[in-house]
Amino acid sequence: ISIGAMFLTCLFFVVIQESNVLDIFFDMVALEFVESIDDVIFNLCRRGFFSRRMKVAANQENVLHCSSSHGARRIRKWSKRFIRGMYFLTAIVLLSCLTFITIEQTRGAYGCRSLLVNLGDGLWENAWVQLDKQCSVDDDCNSNQRCYREKKEAFCYENRLLIYSHFNGYYNHKDTKGERPSYEEMNKESGDPFKTTDPAELMYCREIESWVFRHPKIRSSLDIGEEHECNWLLRSDETDDFDLVELSTTENWFLWKGEIKQDYKIKVRCAECANDSDCNYFGKCVSETDVDQKCECFPGRFGVFCENEMPCEVIRSEKDRNTTLKIVKDLDKDGDNIDFISLYGHPMYVANMKGKPYSVMRDGYPGESDQYFEVEYPVNTSIAVAPHKHESPDDYQDDDFFEINNKSVAFQQLVTNYTFLLRYTGRRWYGQIVDPSLSGESFKEEEYHAFWQNSFSGLGQEDNSTLIISEITSKV
């Protein structure tokens, strides 16, 4: 009985820990081998491989004579019932535990509840984005928009540039979809749930048996029958895996950019810690309400795993040492030892300026290899896309950004007094011209998101804030 119960218990732990049937089969073969070792040793003893004394003891016959009395028969009867009952009880307990664990697994109980997601540097130039404006026909919308009806309501959809890295950051476990946990995008500044912004999500799509990245307000197509299953924008290979962190390191993903781009890479890390070493010994691993454990950094450090030193409070332009940008302060009202606004895990810098911000713009023409994402800006002046020149601090006609936007009266008024804002947007730093009334408090209320605030939307004159863009970097 004890050997059988131990075998079933070991088998139970094998089943709940392995991720595929083949591994379960190999583990069962290993268990059978371990269980048969004592039988092999006993047969070797009977053949005299160890000693004559062991051979005699192993070959000695022991005969058990059972009494045929009424009492003995009763004992045998109840013994059989007891053994049968123990096997049934063991099976019921193990099946109940397996059922409980399976249900809890679909709820995300045994996986990471907070993820740090990097969706790479992909882009889609013609994404259809739902606006708040309702419509009946296309004429109710602007020229670059279409009216699309889903269920009972119809909304205007705008054709925009979708930059996937704008959706990088924290994703927390929300609920269960496709019998697997789903994860919801969090606020880029605080890491808390959005209050007014519609978040993206990572979920399992049963229709295609894949993990997908999607957003309820971004559609792959407005033509009936052509939109993707679960309206995915990114998807994995077909899989039945529960662990999204492991899946992101071993599987290739498919990116939608008007057509499918294969062999696309994303990075998903668990944003939780197991011990202080995960915090690089610059913080303590403590329990949190919505996650299992999270790093609480010591003074002078910040980051998911306390990997960063506190940033400089003032930075200077290499072109003009008199041009300084100051970090945007936050009075640490949330008690996280960070006294500045952290956006996508990076600080934000500002400077009050007027006129052309020549001191933060590069000199001369871009090189032939210079690229923004996958869009090349050639130096050939016969090409319609004009290169950035930036040769004069006073000439607004030598730069395509000012040449386009300076046609607007509102923009002409803005450049007489504005705030130059340098902030991180997921994979790149953006330098932007914004209203001079910006403050730390107003920014926190804004609930900033690089995509939904049109940091770079590809809408021409309507996209009039982003002036400079850095290379891909994770540096603070």
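Keep in mind that glycine also has a Cβ here, set from the backbone N, Cα and C atoms.
What TrEMBL says about a protein is an automatic prediction, not a curated fact.
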When you check TrEMBL, which of CYS297, CYS312 turns out to share a disulphide bond with CYS306? CYS297
By DSSP, how many residues in the domain 'EGF-like' (271-307) are helix, how many strand, and how many coil? 4 helix, 12 strand, 21 coil
Mean of pLDDT values spanning the domain 'EGF-like' (271-307): 87
Let me check the 10 A CB neighbour count of CYS306 (disulfide bond). How many other CB atoms are there? 24
